[in-house]
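In what follows, a single structure is set out as structure tokens and then discussed.
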Amino acid sequence: MRVLVVNCGSSSIKYQFLDMDTEQVLCKGLAERIGIPGSRIVHKKDDQKVVVEKPMKDHEDALKYVLELVVDEKVGGVKDLKEIDAVGHRVVHGGEKFSGSVLIDEEVMRALEEYSYLAPLHNPPNIMGIRAMMKLLPGVPNVAVFDTAFHSKMPAKAYLYAIPYEYYKKYKIRRYGFHGTSHRYVSKRTAEILGLDYHKSKIITVHLGNGASIAAVMNGHSIDTSMGFTPLEGLVMGTRSGDIDPSIVTFLMEKEGLTAEEVYTILNKKSGVLGLTDGFSSDMRDIEGKALEGDPVCRLALDIYEYRIAKYIGAYIAAMNGVDAIAFTAGVGENSPITRKEICENYLSYLGIKIDDEKNNVKGEERIITTPDSKVKVLLVPTNEELMIARDTKEIIEKGLKQLEY
């Protein structure tokens with residue numbers, strides 16, 4: 001089975017085309033600046049790279065050109081569109097309705113549109129991508145894989161906020177969590193590497209990209225996660241504040257004469273390590289570099305970043321009453337030996353964790369980074385959300401399922 005995986009953002013589309021018999025990537029790429037001047041597609045097959053620069057007025061336009069590349073004689077994955085068996089879509093928010101990946105029909109589309117108010121920046125472009133693929137590849141099944149679904153079985157004690165219950169009933173205000181596809185892939189892969197029974201294990205997954213979150217995965221289910229009603233809660237991120245005292249919002253509105261939207265923008269776009277370094281950078285590579293040179297501002301930002309991560313790891317060990325393994329993933333998690341080492345040595349040595357410096361100093365390569373006598377194993381596991389989406393799509397189509405339960 002050949003599956004095209006599509007991830008539609010507001011002005012970009014990431015895609016991968018996979019042969020699921022071998023789980024090999026046939027070709028992949030990125031369409032960017034959709035609907036704005038300078039739009040282009042960067043397409044790759046093996047070691048070949050093609051850049052197509054042409055106007056793309058909307059997502060349908062962009063996906064039409066993507067499909068042309070997928071069947072291109074030289075850089076495509078197949079010769080004919082009929083060889084695309086299914087399309088898997090990343091969808092950010094499934095609300096409370098979707099606890100697993102689903103085969104898309106009109107009923108599902110209505111539900112996705114209904115839940116768009118919970119993810120107004122992300123769900124609408126996801127929906128545009130689905131509609132476009134239905135039109136461009138009529139008769140080809142489409143599957144939605146949700147960022148929120150893996151966390152949907154959290155107990156109420158983990159997902160409810162201590163605000164008047166009527167707001168949960170009226171607006172479904174609760175913890176949803178995000179990065180679920182990544183946390184699911186990394187936790188499963190961690191269990192495989194260590195030879196653990198996934199459904200009898202306690203794993204903490206630490207997804208550190210520009211957006212960052214941690215999940216407590218117990219017996220194969222996410223029982224808690226650091227992101228909440230939106231991706232703003234939890235860890236200190238590139239530009240997001242993570243956890244703050246909620247009264248700071250009203251305080252800033254009053255003192256600075258700001259609207260709710262302006263404060264929201266500050267917390268989402270101007271905070272995190274960007275805010276802590278007074279606008280220097282939101283990129284942890286820049287901050288690490290300066291911190292290692294002795295810059296006190298960047299060193300403090302790195303300390304705050306690592307301290308918050310360590311606190312969440314400690315909290316989730318308590319939530320699961322123990323831990324078998326901790327796995328780092330995503331851009332920072334995979335490529336920052338110093339972050340992994342400092343978190344484990346400065347805060348988690350009480351667990352009997354012993355980092356193997358030689359193993360830890362390798363970037364982006366799947367491995368155990370602790371010594372053989374480390375009581376708790378720590379791993380570097382590169383995430384692969386596209387493969388997870390393709391696997392779900394294949395399983396749903398081959399088994400004739402309407403919905404996949406994790």
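Using the three backbone atoms N, Cα and C, a Cβ is placed for every residue, glycine included.
Under the heading Mg(2+) binding site, Swiss-Prot lists ASN7, GLU385, citing sequence analysis as support. Feature annotation from Swiss-Prot assigns ATP binding site to LYS14, HIS207, LEU208, GLY209, ASN210, GLY211, ASP283, MET284, ARG285, GLY331, VAL332, GLY333, GLU334, ASN335; the stated evidence is sequence analysis. As annotated by Swiss-Prot, substrate binding site applies to ARG90, with the evidence given as sequence analysis. The active site, proton donor/acceptor annotation in Swiss-Prot covers ASP147 and is backed by sequence analysis. Here Swiss-Prot flags HIS179, ARG240 as site 'Transition state stabilizer', drawing on sequence analysis.
In this structure, the recorded positions under consideration are LYS14, ARG90, HIS179, ARG240, ARG285, and the one with the smallest number of other Cβ atoms within 10 Å of its Cβ is ARG285. DSSP gives ASN7 (Mg(2+) binding site) a strand state. Note: the Cα of VAL332 (ATP binding site) and the Cα of HIS179 (site 'Transition state stabilizer') are spaced 15 Å from each other.
Within 10 Å of the Cα of HIS179 (site 'Transition state stabilizer'), the following recorded positions from the list ASN7, ASP147, ARG240, ASP283, ARG285 place their own Cα: ASP147. Note: the CA-CA distance between ASN7 (Mg(2+) binding site) and LYS14 (ATP binding site) rounds to 5 Å. Among the recorded positions listed (ARG90, ASP147, GLU385), GLU385 has its Cα nearest to the Cα of ARG285 (ATP binding site). Taking Cα separation as the measure, ASN210 (ATP binding site) is nearest to ARG240 of the recorded positions ARG90, ASP147, ARG240, GLU385. If you measure from the Cα atom of the residue listed as 'substrate binding site' to that of LYS14 (ATP binding site), you get 10 Å. Secondary structure at HIS179 (site 'Transition state stabilizer'), as computed by DSSP, is coil.
A distance of 16 Å separates the Cα atom of LYS14 (ATP binding site) from that of ASP147 (active site, proton donor/acceptor). The recorded positions recorded for this entry are ASP147, LEU208, GLU334, and the Cα of ASP147 lies nearest to that of GLU385 (Mg(2+) binding site).
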